Amino acid sequence: MSEAMTNPYRTSLRSAADWGLVAVALPALAALALPLGSQDGAPVGWFGGTMAPLFLIGVVLAVIAGRSAPKRVWGAWAELAGVTLAWLLPFHLLEEGMDLSAGWGLWLFLVAATLLLWRVMGVLAGVPGWTRSVIVPGLFGLGLLVGWEVLVRGFQVPAILLPPPSRIAAALGANAPVLWDDFRQTVLTSVLRGYVMGCGAGFLVAILADRVPFLARGLLPLGNLASAIPVVGIAPIMVMWFGFDWQSKAAVIVVMTFFPMLINTLAGLGNSERIQLDLMRSYGAGYGRTLVKLRLPSALPFLFNGLKINSTLALIGAIVAEFFGTPVVGMGFRISTEVARMNLDIVWATIAVAALTGSGLYGALALLERLTTAWHPSMRRR
Amino acid sequence: MTFPNPPDIREATAARQGSDPAISPAASSVVVEARKLSLVYPTADKPVTALSEVDLTIARGDFVSLIGPSGCGKTTLLRVIADLERPTSGHVAIEGMTPEQARLKRLYGYVFQAPALYPWRTVERNVMLPLEIMGLPKAERQKRAREQLERVGLSGFERKFPWQLSGGMQQRVSIARALALQPDLLLMDEPFGALDEITRDHLNLHLTQLWRATGKTCVFVTHSIAEAVFLSTRIVVMSPRPGRILDVIDCDSLPRERTLDIRESPEFAAIAHRVREGLKEGHSYDD
């Protein structure tokens with residue numbers, strides 16, 4: 001393999017045999033003998049009047065180009081084009097009105113294409129910079145979406161069970177104003193306020209409990225209790241206490257996020273080493289100086305841990321709490337009403353918004369953590 | 001130095017110097033004075049006596065090494081002087097003040113066994129840390145930090161982070177940090193204990209030059225005989241269980257200016273021999 005990379009002429013027999021490619025080619029060859037799908041109940045083969053042969057030729061050409069490329073990475077890009085072409089074939093067949101559920105030749109062909117993609121990703125993951133950090137995970141995600149789309153449409157899974165991503169995207173577009181209102185109500189109003197209040201209170205009480213030992217002793221067991229409270233139990237009570245609007249959602253979020261933040265902050269404050277504390281003492285630094293200059297900076301990794309856990313907890317809390325009463329807007333409200341109306345596309349669209357919001361919050365916190373705790377051993381040289 | 005001495009220390013000082021203790025010029029030549037110092041740790045089974053009736057006087061400009069096996073209380077003694085530990089009985093005075101007053105006035109710089117650098121601060125900002133706590137203006141902090149880093153031979157490393165430096169360099173940063181306070185008294189607790197011997201020799205040479213150039217009083221804890229003899233003007237030999245002073249050895253036979261080759265001299269060997277004998281005595285007592 002290494003010789004194949006350094007010697008562009010590849011004269012030796014051993015390096016000439018690309019066993020990975022053989023593993024890809026075998027299922028692809030087997031696929032040629034099987035039907036692509038059926039039209040009006042009759043099976044259709046590879047050469048049954050569709051444009052499938054053109055796709056096949058394109059893929060073969062791409063693989064040949066990939067094999068003969070002077071650089072391994074260029075070859076990978078050519079092979080990636082082949083993979084793309086192969087995965088476009090089912091879309092073409094669906095356009096032709098074919099039923100793909102019995103098209104084992106097609107599925108086997110796609111298995112081969114996926115193996116080829118594996119090869120490509122293996123090469124691209126070794127390229128430093130944007131390729132490795134953005135393109136590879138992006139291709140991975142795109143691959144999953146395309147696989148989902150093709151499988152759901154090819155096997156004609158009812159949309160009520162699982163709609164294809166394209167339909168979810170269409171629902172997202174068609175209902176954008178409603179979804180935006182939901183997002184504003186749930187995320188921008190309830191989640192952000194509840195999150196800031198819960199995390200802020202947890203942080204401040206932790207600092208107090210750190211000074212007053214009996215508070216820590218009394219609160220930590222309560223934290224275990226509180227983390228065992230199911231959100232579906234607390235949410236209706238909070239709605240009764242604080243009404244239908246964002247206040248009750250914020251209250252649920254505060255209950256859910258307060259203790260994780262408290263526990264993480266306390267752990268973080270206890271993270272300073274004896275010798276570092278002695279150093280501050282030798283400088284005659286008092287409690288406040290020691291807190292600001294030493295204990296809080298060294299607690300940062302723990303604080304971010306709490307903040308990250310809470311970012312997902314807060315979103316879940318708000319959405320579940322909206323099941324128990326809300327003004328007629330909000331992501332939880334949307335899910336509960338649209339499920340009842342069997343409007344699963346909108347439910348999936350809301351789930352997509354929630355997932356994107358959750359990972360967005362988490363990602364923003366992770367980025368902030370990387371910026372502020374670049375000194376920490378877990379972050380160094382990454 | 002406007003703080004009044006505790007009465008018995010004043011007596012002790014007076015007895016030793018035979019003059020009025022309050023403002024005599026001779027009194028100011030004593031930097032650290034310990035009398036009948038004892039420290040007992042309460043532990044689960046029985047109390048441990050870390051220090052027992054320790055008497056020690058350290059004069060200005062001295063380089064005093066505390067040497068002894070582990071558990072002999074040498075680090076504890078240093079920590080008592082620094083007010084990181086409170087004695088059970090007895091008295092300590094630093095420049096005529098209680099250790100707490102001396103600590104709050106930042107009269108000493110302390111170098112720990114580990115560099116204890118804050119990983120989120122660059123080298124320069126680590127050295128500036130005590131100056132920030134003192135409340136010095138930024139320009140002054142930076143000036144002093146640069147000076148001290150240059151003194152320990154680390155110019156050009158200001159913007160590095162501690163983990164980008166070797167162990168020896170990190171410990172030099174921690175020495176620069178202690179020096180940045182510009183204390184007259186430098187307390188060092190096995191600062192080179194974790195380093196390899198070559199680095200250690202190098203840093204010892206560096207330290208003795210630094211000591212001569214600055215005229216500071218140094219108290220240095222070590223368990224290496226060669227290091228103690230090489231660096232010190234006086235060596236305090238301690239023994240464990242209970243921690244006490246066995247012998248105080250003057251190193252007047254060695255020149256004040258030390259180079260690595262004095263280690264080959266007969267005077268060096270004689271002092272090292274006496275230290276070793278003292279340590280042996282402590283051990284036979286132990287067994």
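Positions of Cβ are set from backbone N, Cα and C atoms, glycine also.
Heads up, TrEMBL stuff is auto-annotated, nobody curated it.
Lifted from TrEMBL, the feature list:
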- A:201-370: domain 'ABC transmembrane type-1' (DOMAIN)
- A:20-38: transmembrane segment (TRANSMEM)
- A:44-64: transmembrane segment (TRANSMEM)
- A:76-94: transmembrane segment (TRANSMEM)
- A:106-127: transmembrane segment (TRANSMEM)
- A:134-155: transmembrane segment (TRANSMEM)
- A:192-210: transmembrane segment (TRANSMEM)
- A:222-244: transmembrane segment (TRANSMEM)
- A:250-271: transmembrane segment (TRANSMEM)
- A:313-334: transmembrane segment (TRANSMEM)
- A:346-368: transmembrane segment (TRANSMEM)
For the transmembrane segment (A:250-271), sequence-distant contacts whose Cβ falls under 8 Å of one of its Cβ atoms, 6 or more beyond its ends: 190-191, 193-195, 197-199, 201-203, 205-207, 209-210, 216, 219-220, 222-223, 226-227, 229, 231, 234-235, 238, 241-242, 295-296, 298-303, 305-307, 309-310, 313-314, 316-318, 320-321
Tertiary contacts of the transmembrane segment (A:44-64) (same chain, 6+ residues out, Cβ under 8 Å): 21, 24, 32, 35-38, 78-79, 81-82, 85-86, 88-89, 92-93, 96, 98, 103, 105, 113, 116
Candidate ranges A:76-94, A:106-127, A:313-334, A:346-368 - greatest C-beta contact count to the transmembrane segment (A:192-210) (under 8 angstroms): A:313-334
Interface present between the transmembrane segment (A:106-127) and the transmembrane segment (A:134-155) (three or more C-beta pairs under 8 A): yes
Beyond the flanks of the transmembrane segment (A:222-244) by at least 6 residues, Cβ under 8 Å: 250-252, 255-256, 258-260, 262-263, 316-317, 320-321, 323-327
Sequence-remote partners of the transmembrane segment (A:20-38) [C-beta within less than 8 Å, at least six residues beyond its ends]: 44-46, 48, 50, 52, 56, 63, 67, 93, 98-106, 108-109, 111-113, 115-116, 119
Spatial neighbours of the transmembrane segment (A:106-127) far in sequence, C-beta under 8 Å, 6+ residues away: 20-21, 23-28, 30-31, 34, 36-37, 59, 63, 72-73, 75-76, 79-80, 82-83, 86-87, 89-90, 93, 100, 135-136, 139-140, 143, 147, 150, 154
